[in-house]
């Protein structure tokens, strides 16, 4: 009994440590929202260069994702996370000490390379060391860490200047690095490389081998293609490896995962993460930083609810329902921003009570969106894609999915501000609503 409890504690500790990678990533990605006014007022960046500063982390992530899959397959998930988290540390140090926009943008680019390995390795490591019965729980933990990262960034941003916000990120990454050293490598990866003795030790570290159903080779994954059976043979030519990859059992889950990664990005969440304070300032006549904190608060509360209910609900139905609510929330946000910007500010001077109420309408609607996003795409996706990808090519496929995610983020963060500037915030939310509706039939393919 004590041994079994100890092994559960070890798995929990390992997953919590690696999940700090998600926490730190979302913290540093979303901190561009609370520091925007401070950075622009100091003249470090201009309104024209700020979108590049915001997107630098995604550009770095896009570059890193090209090698994240092959390297994590070569070095292992834990080792890759340790090696490339040093880039996160270096980027954090540069971000703390940077005095100009070029240095800060470069620092976020370096952090972006690390973030690609975090998004690739953390979900896979957690799935590979946890029992299948606890996958949903640790998926919920990952979702919680993402929301907590956003919440910490927004809430600390009320009081701390941009340097101290970056220092908090640096502490997170260093703490994760120190703890990762003491964790075993994934037993599934060790066994795949032929290190059976090390794999067995890692397996015994995490699992009660007499009781636990381990995740070394998940039973619900499709069988590896016949052409890939001899994948480890040195005689297998590159062309044969490519042909073994281009088969429907491998391609289908990859296409679905990549498509959903794009829809996840173009659902307005990434825009709200980055520009929530600025967006709310258009319609809410209180401190924009304070107003923006309400969004991550809704995310954290919903993440707790998600963690409690995920074992009791059908995840596919929950995902579809949540996406539908996201679409409705985006439609309402579009209408609210249209009327608040075009009409309500003009009539607010009359002292009308109804105008005061409508000026605050974006806040509850954004919180409604955050609720739907957290119980849907924001939480389910990050553990689901690691679960449905073909296990024989899971790290290569995960790298492709992460590449798609970062490419979508770059497009979104570069295009969305232009649409808002020239057409208005209501247009971008209307576009997001349409994309949410389109994504629902694709979710049925999971």
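If you go along the chain as it appears here, the first residue is 1 and each next one adds 1.
Using N, Cα and C of the backbone, Cβ positions are placed for all residues, glycine too.
All annotation found in TrEMBL is predicted automatically rather than curated by experts.
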Listed range which TrEMBL flags as transmembrane segment, given the options 137-156, 197-216: 137-156
The annotated transmembrane segment range in TrEMBL, which must be one of 226-244, 245-263: 245-263
Contact call for the transmembrane segment (396-416) and the transmembrane segment (245-263): at least 3 Cβ pairs under 8 Å, seq gap 6+: yes
The transmembrane segment (105-125) and the transmembrane segment (292-311) contact flag, 3+ Cβ pairs under 8 angstroms: no
Annotated stretches the transmembrane segment (292-311) and the transmembrane segment (81-99) touching (3 or more Cβ pairs under 8 Å): no
When counting Cβ pairs under 8 Å to the transmembrane segment (245-263), the leader among 50-69, 81-99, 137-156, 162-183, 422-442: 422-442
Arithmetic mean of per-residue pLDDT over the domain 'Major facilitator superfamily (MFS) profile' (14-446): 78
For the transmembrane segment (12-30): best-contacting stretch of 50-69, 81-99, 422-442, by Cβ pairs under 8 Å: 81-99
Of 81-99, 162-183, 422-442, whichever stretch has the most CB pairs under 8 A to the transmembrane segment (137-156): 162-183
